[in-house]
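Structure record follows, encoded as structure tokens.
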Amino acid sequence: MKSNYDVIVVGGGHAGVEAALASARLNKKTALINLYEDKIATMPCNPSVGGPAKGIVVREIDALGGEMAKAADATALQTKLLNSSRGPGVWALRVQSDKEEYSKYMRNVIKNQKNLDLITRACTGLVYDENKTVTGIYLDDQTILNAKAVIITTGTYLKSEILKGVDRYESGPNNEKTTKGISQSLIDLGIKLMRFKTGTPARVYRDSVDLSNAVLEPGTDMKLAFSFSTSTYTPIEKQQPCYLIHSTLETKKIIEDNLEKSAMYSGTVKSIGPRYCPSFEDKAVRFREKDTHQIFIEPETLNGDTWYVQGFSTSMPIEVQEMMLKSLPGFENVRVKHWAYAIEYDCIDPMQLSPSLELKDVKNLFTAGQINGTSGYEEAAGQGLIAGINASRKIDGLDPIILRRDEAYIGVMIDDLINKGVWEPYRLLTSRAEHRLLLRNDNAETRLKQYGKEIGLISDQEWNQYLIYVKEIEQAIKELKEIRFTPKSQLAINLKNKNQADLSHGYSGYEIIKIPTVDINELIEFIPSLQKLKTNQLQSIVIEIRFEGYVKKERQLVDKLVKLERKKIPLDINYSKVDNLATEAKDKLEKIRPLNIGQASRITGVNPADIQMLLFYLKKQYPLENIDN
């Protein structure tokens, strides 16, 4: 076994895979440490990728040169465009994944990646010196692996415990081994740890439930994909269905009668769970006025015999779980393959991180994924990609890649984590992004592909394809502006017959697209440049035209905010000497140590008056430094 690496990644989940691939593809000798070879990028909870905000993150990962989008497209059982009836700022793609094929896909990519070794051992601790500089890791066979940077991506395995009712025992997800030694290393390095909780529902045998009365939830009949490079699509007739059912009054009564047996409500659980993915008993308590709740029945893999009971996670003991399941419509004769459970695990306070995802007080140590207090495969993968990129760039002596809030949901997430911290598992939501009209599902490439190219993760071939992609959009918009349609044109007749528009006079194609009721597909046969475009290109054209004024105002606002990002704060500043700065602001600024005024202004507890005092101090104390660059 080699003992010297540039980058070591500990944990082969969604964050670890992206971190390791990014590092290796940037020509760094990389080791990925994972307990099991066949447990790479597994889906221990929901068998899906994407969703509101999350789906846009997957497209951002792809634009930067990551792998998740390709894997999701290649292993999709169903593809669905969410929120299509609402504004474009919240449109998102979601795929139902074949979890076995997804893991197999990523495993093959890892094994075939140049510069990357997969080591199936446990990491038992970190190697570091008296200056808090991490230099490697310990393995469970006492081997020391040396590295210039270490990335911890342990997910929910860090000192984890499974909870069912009053039963509690050490275990990772699905009764796999837990990881304990790393927590002690982090504590010894002075890193503050927290304890979070999540959970997963039961998996039930398909042939034991009757879904004949359930509501069918099909995919979307459009050519949709996460990855820019995907060119083949699963037709709607070959996509696997999902189903919707509702819990019953009997389900509610069972929970009320047995609430004290739940790990959540018996006092067994001391940690904090996810607000946006609560256990079913938590829903029953928090929303007592509701008699029923939605439950989605989803396939996990074509090779399996189970349904995933989405929305029905619980920490109840097995005998109560069985009663709960049998109270659901069509589940009267249900047989269970895997019971639901809750899991507690260690994570760090992410306010200890710099924007690069390196620990501020520990050199060469990066963290990504659920160890940073987030939830979700997509959030983890986005962080892993950034950590892998920045660990590699640090080795090369390059500045880190820091995405702004107006550039990517990944930027929103990392900015939230390091400036606001977390008190519960963090989930990305469209509402967290103040510039969501700019951070759309359709424009991830135009926002981030340039970064991917400059970083070195986008090939020349893909870059050239992207340039053609952009040129095609520009050409189509140009043609829409030039071509005109009279009230007697065939297009005008078609639009009137379909109640989409009544063209009372001559209109350009551009003006017609501005009409909210017009479907751009009606123009395709009349405008040659539209005929070869992908779905995302057509969506971009419609949004850029129809929301032109809003997008322009949003970009003008962003230009003003970016100026604050350019006002740098010296690393040696002493905040205690800043006059008239509120005590809370001093404490927060000292703890987080923002890199610029823009970041400082987003810290909870730092108000506009504090920012004015800080700017005044900087101009007075650092007159020779150009804080505007």
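Glycine residues also receive a Cβ, built from the backbone N, Cα and C atoms like all the rest.
Per Swiss-Prot, the feature FAD binding site maps to G11, G12, G13, H14, A15, G16; the stated evidence is sequence analysis. The NAD(+) binding site annotation in Swiss-Prot covers 273-287, and the record cites sequence analysis as its basis.
Features per Swiss-Prot, on structure.
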residue	record	Cβ within 10 Å
G11	FAD binding site	30
G12	FAD binding site	30
G13	FAD binding site	29
H14	FAD binding site	34
A15	FAD binding site	35
G16	FAD binding site	30
R275	NAD(+) binding site	14
S279	NAD(+) binding site	28
K283	NAD(+) binding site	20
F287	NAD(+) binding site	11
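The residues near the FAD site, meaning same-chain residues not in G11, G12, G13, H14, A15, G16 whose C-beta sits within 8 angstroms of the mean position of the site's C-beta atoms, are V9, V17, E18, A19, N34, A41, T153, T154, G155, G369, A380, G384, in sequence order. On a Cα basis, G273 (NAD(+) binding site) lies 23 Å away from G12 (FAD binding site). Once Cβ contacts within 10 Å are tallied over all protein chains shown, the binding-site residues C277, V285 are led by C277. Summarising the environment of E281 (NAD(+) binding site), the number of other Cβ atoms within 10 Å of its Cβ, over all protein chains shown, is 24. The number of other Cβ atoms within 10 Å of the Cβ belonging to G273 (NAD(+) binding site), over all protein chains shown, comes to 22.
When the Cα atoms are compared, C277 (NAD(+) binding site) and A15 (FAD binding site) turn out to be 20 Å apart.
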